[in-house]
Every structure is written in C-alpha cells, then in structure tokens.
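Colleague: This is the feature table in TrEMBL:
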type	residues	note
TRANSMEM	A:9-26	transmembrane segment
TRANSMEM	A:56-73	transmembrane segment
TRANSMEM	A:85-106	transmembrane segment
TRANSMEM	A:113-133	transmembrane segment
TRANSMEM	A:162-189	transmembrane segment
TRANSMEM	A:210-236	transmembrane segment
TRANSMEM	A:248-272	transmembrane segment
TRANSMEM	A:284-306	transmembrane segment
C-alpha cells in the first residue's frame, strides 16, 4: 500500500516541478495566465475540500474569496498594513467568514444549503456595493505598486509573481494531499458517502462539516489575498455569483474529489475561454458545449474518469 | 455471577402522529449477555433500539447507560460512550474500500496502529483477504459481515444488531452465531432477530414487543411457553 501512496506523492511533486520549469519555457502571455490559474486553482482546491470530498455543494464561495481579497486589499491600500500582515489577515478573513457562514448554513443540507450559501454570498456582494465609499463598489480599486512588495520582493514583477503563485499553489496542494490521506480526510469522505452511517460510527457530522468549510474558506481567503497583491486589483465582481460558480465548474471539469482536479479544471477552462474567444464572441457557448460533453461522457470529470479507468491510486 | 445492569429504559415513548411505535417501554439489559428483542412486524423493535442509540430522539421516558442518563445525548456521543448500532438495511460505504470502511470505526475508537488494528478487525470476521476491494462489490453475505465488523471495530460495550442474519445463507448463519458468542462478555449484545432458531440458540434473555409495548420478558423457555406471546405470533385475539 505504501508504494501506491508514494506514486501519488511523486505525481504531485512532478506537477509542481513542471510548473517551476514552465516559468522558463513559456512566453510571457501564458506565463501570466498560468500564474493566475494557479491562484484560481488554490481557490478551487478549497472548494473541492468542501464539495468534492465532504459533499457540501456551496454556491457562496465567492464570499470567502472576496473576504480574503478585500481584507488584504483594503489592508494594504487603506489601512496601511504591512503586506505580510495583510496577507495573513486575508487568509484568516476567508476562514472566519466561512466558519461564521457554516455555523448557520450547516443547519441545513442539500438544496437548502445551496440556497442559504448563495444568499450569504449575495448579501456579502451587496454589502460591498453598499459601502462603495470604502470599497469603490463595482469599479474597484487598484493596489499601488509600492504596496505590492513583500520583504524586498516586488510582487508586481512577473517572475516574482509567478514564483509566489507557485509557492502558494505548492503549499496548498501538498497540504490538501496530506489532509485527504489523513484520518480526518477519511471522515470527510465518509460524510459525503453516508452521513447517517458516519454519525452512528460516532462522528459528529456538524463538527466535521464545519471543519471542512473552515479549511475551504482558508483556501479561498488565501487565494483572494494572493490575487489582490499579485494582480493588484480589487473589485466587487470577485464577490459576485460568477465567482461562486467558477470553482464549482473547475472542480467538476477536473474531477471532484481529486487533488489535482481543480488545477486541471482551471487550466482547461481558462484556455477553453481564452482560445475560443479568439475565434468567436460566443465563447460561452463553446464552454457550455464542453460542459455538456463532460456531463454526458465523463460525469466525474477528467481525473475522475481516469481514476475509474485504472488509476485507482489517484488521491 | 451477579447481574449488572448496563442499560435501562423507563417509560420510553415515541409516537409518529397517531401511531404509537414505542409506548411506555421499561427495559433492562444485563451486562455481558445476549439479549434478544422479538415481536411481529411493526411491533416497534427498530424504533425502540433507535431510541436507545439516539438515531431517533426520545419523546418521553429516560435511558440510563452505565449509570449515566443518556436520554438527551446525540447519537455520536452515545457511540463514544460505547453503544454501537448495526443497520437493518446494510449501510456500508459502498464506494470506499473494505479497509476504509473498518478503518473509520477503528480511528474513532482511537488507535495508534490504524492499519494493523483495522486488519485485525477484518480478520475477526474473515474479510482480511478482501481489504482492498470496493465494499459495494462484495457479495451480500460479506456486506452483512462488514456491517458487523464496523460495529465491532468500535470495541463497544453494547452492540445492537438489527436483524443481522437477514438474507444470510444457512452456512453463514453458523459463522455469525460463533462470532456473536465470541464478543461476550466484553461486549453486551442486543439482538433484533426474526429467525427463531438463532434467537433460541443465542439469547439468554428475550423481550417480546407488540404494538409498541412489552408483551413479555424472560428466558427462552419461559417465552416459548408464554400464551400471550403465542397469541401475538399466531395472529393475536383469536386464540
């Protein structure tokens, strides 16, 4: 059994190594894209912990992403916090908002949980618009280059940005791999598979779901915080429903309940939009078609389908 | 050996609308024994044990386990105190491996050597060789065994088995009986069972439920001789 576990660890380390090498090989346009995809993949990995592993279908993750984005963005831009502190604040804000949401939303389940999380996120979005004097509403605000530095590193520089995104991505992915292989990860999957059985084995469903949602929120908050300082823009669009749906699509496309699925999904989706919009203005129709094909032929996503067809060891 | 009461219920009641599923039942369970719960279909047996293990909240009455009132405790805390329940309808994690199915209760109980303890728990029911298989692909009899293995892996003080032999072949039933005997006296067993041969063979005490109430309670011989029990089983009222 150990051999199998090692094989998956090697695969994940290889992905990180490939992304490291890609920095030197890719032209600058793709280079920025990949940095963005890695940050969005962290968001989607967090979403996957709640949805893919624990079975919590949230439609409100934009709220947690925005919590991290605004905590860090406002922190450096308006409250004059050091960038490092603001980043930690963004991470914490994502986790705290997720736990607070979970304390109420987890009293429900299934469809009600989707609706309640959606409502929380909408309330968050409207709150950002309401306090437009501070948040600059829809228009958003740009983070000054001066604020985008961390211990001498200039985060607006594209190479530094790439490596910071990669560092966050690598830590997030390895932490997730450790989580899903741990006894706690086994309980999360057990809740997804059969909640009543898990309760009768002595696991408190509420406590474990809250934990999953909290960790998921930390990921979303970290991604939001990183997004603010790496790409230098904070705006209300990131709190809109679109950013709750995106991680869901990434996860479904890449494979729910797989460690690498969210990254793969974000990568494919990003380039699907990027390439198709070069040919047609109806690029969302292309995305829709791709999703239809996915649902019809690989309902468990790309990696989910591979796992069913022989790669059973894929975590 | 002096009888020690592990669990007792007083005036336990649960109505569903007008249906009196469990209606003021008094019940005592002695430690280290096999106690069977029988009764016609719809007598309230599963509802009764669901009240004991916390799957269904108690409407009125009280439950004491190992000297402490557990009436209001949620199910997962009752499990932590040593009450394990195995489902009437097999409720395993069909998409997970046999190993993971049993690793869950082993880790809940607390184990430093999870893999070894899990394999030992599987070995006890003879499923160690199938550890890597997906649980949903097991033969039905093996799924029933896995269900019991999950309960046993919690090392419970009380194991509640809800119709464990349902659907088992005769040859499998002998193995099951040996397994249940092997857990006594560390684990007390409360058994809901329709197969009277199994009940008469295993149980030291039998409680008969009918229409949500206790009809009789006593040794197998006394229950067999009880006219009220015979009437209930033969179609009550006419006898």
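In case you wondered, yes, glycine gets a Cβ from its N, Cα and C as well.
Where in this structure would I find these features, and how exposed are they?
Modeller: Within the chain carrying the transmembrane segment (A:9-26), a Cβ under 8 angstroms from the stretch's Cβ atoms is held by residues 34, 38, 159, 162-163, 166, 169-170, 173-174, 177, 259-260, 263, 314, all 6 or more beyond its ends.
A Cβ distance under 8 Å defines the sequence-distant neighbours of the transmembrane segment (A:113-133), meaning residues of its chain 6+ beyond its ends; these are 56-63, 66-67, 70, 97, 101, 104-106, 236, 239-241, 244.
Remote same-chain residues near the transmembrane segment (A:248-272) are listed as 8, 11-12, 15, 33, 36-38, 40-41, 44-45, 47-48, 51-53, 57, 59, 61, 169, 173, 176-177, 180, 189, 192, 286-287, 290-291, 294, 300-307, 314-315 (criterion: CB distance under 8 Å, separation of at least six residues from the stretch ends).
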Colleague: Would you mind listing the long-range same-chain contacts of the transmembrane segment (A:56-73), meaning Cβ under 8 Å and 6+ residues beyond its ends?
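Modeller: Result: 43, 46-47, 50, 86-87, 89-94, 96-98, 101, 105-106, 110, 113-121, 124-125, 128, 135, 141, 143, 209, 212-213, 216-217, 220-225, 227-229, 234, 236, 238-245, 247-248.
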Colleague: Would you kindly list the residues that approach the transmembrane segment (A:85-106) from elsewhere in its chain, counting only those six or more residues past its ends and only Cβ-Cβ distances under 8 Å?
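Modeller: Long-range Cβ neighbours of the transmembrane segment (A:85-106): 56, 58, 60, 63-65, 67-72, 75-76, 113, 116-117, 120, 124, 150, 206, 209-210, 213-226, 228-229.
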